[in-house]
Every structure is written in C-alpha cells, then in structure tokens.
Amino acid sequence: MTNSLSAESARVGSGLRIGVLALQGDFREHLRAAAESGAEGVSVRRPRELDGLDGLIIPGGESTAIDKLARAFELAGPLRERIAGGLPVYGSCAGMILLASDIADPATDLSGAPQQTFGGLDMTVRRNAFGRQRESFETDLDFKGLEFSATDADVAPVHAVFIRGPWVERVGPGVEILAQVEPADPEHASHTAELPGAARIVAVRSGRLLATSFHPEVTGEKRVHELFIRMIRGEA
C-alpha cells in the first residue's frame, strides 16, 4: 500500500536542501523520498556537510552504530548544536531514539558507558520495544497533522511498518503525540508490565522536530516526509 504525492505535493520540497545522516541504516530510501518531493537530498557524513541544510533526516538502522559513528566522524557535537539551534529534524526508528532526551534501556559499550543521543525531544524511549526482527509487523495508524492530504474531508490512515521499533514511554509538556498503536502481540512486546493494555506512542512532534517509530520510506508512504517538509517551510 502506498500514498503517492499529488502533482502539487510532489514539488512541495522544491528549492530545499534536506540532509540525510548517511552513516548507517536505510539512508538511501530517505534520500529517494527527499528527491521525490522535489528537494535536493544530501548525504551527511562530515560536520561541514551540515552547512546550508534546510532540514535533516536521521534514518532507521542501529541507533548504537549511528551513535558510535557520529562520534568517530566528529558529527555528534555539531549535530547536537544544530538541533538545539533550531534545525528541523525528522528521526525514523533509530532516528527517534537518537532524538530522545532519555533512553529507558540504553545499550552500553565495553567500558559500561551508555549510548548517547543527540537530544532535542523531551521524551523517554525504549529500544526494540515491539520485539525482535521476526516480530516485525504492519498496521494502519490514525496520524495527526496530515489534514493537507484529506480527500472528501477524510484523512486516509498511515500504513506503518515496525521493524524492531522503539516506542515512547514518556513525553514532556512540549511534545505532541501524533500516533499511537496497540502492540500487535503483547506476548512478544518487550517490557509491558508497567503499561499493561496501554496504547504505545509511535509518533511525536515538538516544534520543528518530528519522530516516528516506524519506516514510512519502506512502504512508499510519502505523507510523513511531506509533513516534515511543510514543517521546514512553517506551513504545518
């Protein structure tokens, strides 16, 4: 199932330079999504490649690997500064983890030091919360903020793919919840004791920061990227 952009929406990103953190993960799919919106997609691997960007996407992948590589390439500090300075950023799956202020279950390195994040969103996330790779699942979500895509006053649900995705366990007062989901299989979902029967938060926004637990770039769901572009332009 896909939600392709209309002819008008397909150029919504025209004139924008959108970076995609290209250290690890499915950055190519996000570069393609940026290009399909009419924006210039730019691979970001070095601090200087942050210059001149209108927005940045942090892709899905392994949050621990992206964290380590960002520090190795001396990107972590500049990324934190740009995010704190107001750079619009969209984080998908691992990107959601890296935008969080807190991780409930951070991985640790050989010295016992916990993984780091870039921060920006006042929230606590839990890694791999929906289970292992084989427990990956797809579902339709009611997603706030997509009114621009309404047909006959109705907004079609977002078809979401969850691949070892995180969920959000706490949001601060400035963070808006955009979408929630019931765990597809509570027996496989990790760490459910504290929130029995509760819907899991899987998409949030704060200012010009956007994060989802799922991978819209995998299903051809274009509207989440369009929402991010409209956020960059101040239209959403």
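From the backbone N, Cα and C atoms, a Cβ is placed for every residue, glycine too.
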Going by the L-glutamine site in Swiss-Prot, where Gly61, Glu62, Ser63, Ile163, Arg164 are listed, which of the candidates Arg28, Arg126, Arg127, Arg200 is also part of it? Arg127
Counting Cβ atoms within 10 Å of each candidate's own Cβ, which of the binding-site residues Arg127, Arg164 comes out highest? Arg127
Sequence gap of 6 or more, C-beta under 8 Å: which same-chain residues meet both conditions with respect to Glu217 (active site, charge relay system)? Asp26, Glu29, His30, Arg32, Ala33, Pro59, Gly60, Ser92, His225
Would you mind listing, in sequence order, the residues at least six apart from Cys93 (active site, nucleophile) in the same chain with a Cβ closer than 8 Å to its Cβ? Pro59, Gly60, Gly61, Ile163, Arg164, Gly165, Pro166, Thr212, Ser213, Phe214, His215
In sequence order, what residues of the same chain, 6+ apart, have a Cβ less than 8 Å from the Cβ of Ser63 (L-glutamine binding site)? Ala94, Ile97, Leu98, Ala107, Gln115, Arg127
Over all pairs in Gly61, Glu62, Ser63, Arg127, Ile163, Arg164, the listed L-glutamine binding residues, work out the largest Cα-Cα distance in Å. 13
